[in-house]
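Asks: Dropping a structure here in structure tokens format, bear with me for questions.
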Amino acid sequence: MSALAKASGALKSVDYEVFGRVQGVCFRMYTEEEAKKLGVVGWVKNTSQGTVTGQVQGPEDKVNAMKSWLSKVGSPSSRIDRTSFSNEKEISKLDFSGFSTRY
């Protein structure tokens, strides 16, 4: 990330879907915890297809850190097979005030 982007506080938004053993393993709770720790906003929810989906918004470096966590770490008893990211874009303001679990 360039110094200019950091100075202007470039905000980024990305949608994600995590595949693997990600339901019934506290994945959403840990995702919410990690997001709050990093200071990103958005949401997370289980899908009927057995995946976890959601959206993350925040400063580019923090969104990138969250993307890495969603791809490689997850909750302690989860198994992440793959994570797909879509609709990645720069935004002018955040659409959420915090990070929440949706049902």
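Any Cβ shown, glycine's included, is placed from N, Cα and C.
What TrEMBL records for this protein is below:
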DOMAIN    13-103  domain 'Acylphosphatase-like'
ACT_SITE  Arg28  active site
ACT_SITE  Asn46  active site
Asks: How big is the gap, in Å, between the Cα of Arg28 (active site) and that of Asn46 (active site), rounded to a whole number?
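Replies: Arg28 (active site) to Asn46 (active site), Cα-Cα distance: 8 Å.
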Asks: Looking only at the domain 'Acylphosphatase-like' (13-103), how are its residues distributed among DSSP helix, strand and coil?
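Replies: The counts are 25 helix, 39 strand, 27 coil.
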Asks: Would you pick out, from the active-site residues Arg28, Asn46, the residue whose Cβ has the largest number of other Cβ atoms within 10 Å?
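Replies: Checking each of Arg28, Asn46, the winner is Arg28.
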Asks: Looking at the domain 'Acylphosphatase-like' (13-103) alone, can you tell me the average pLDDT?
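Replies: Across the domain 'Acylphosphatase-like' (13-103), the average pLDDT comes out at 97.
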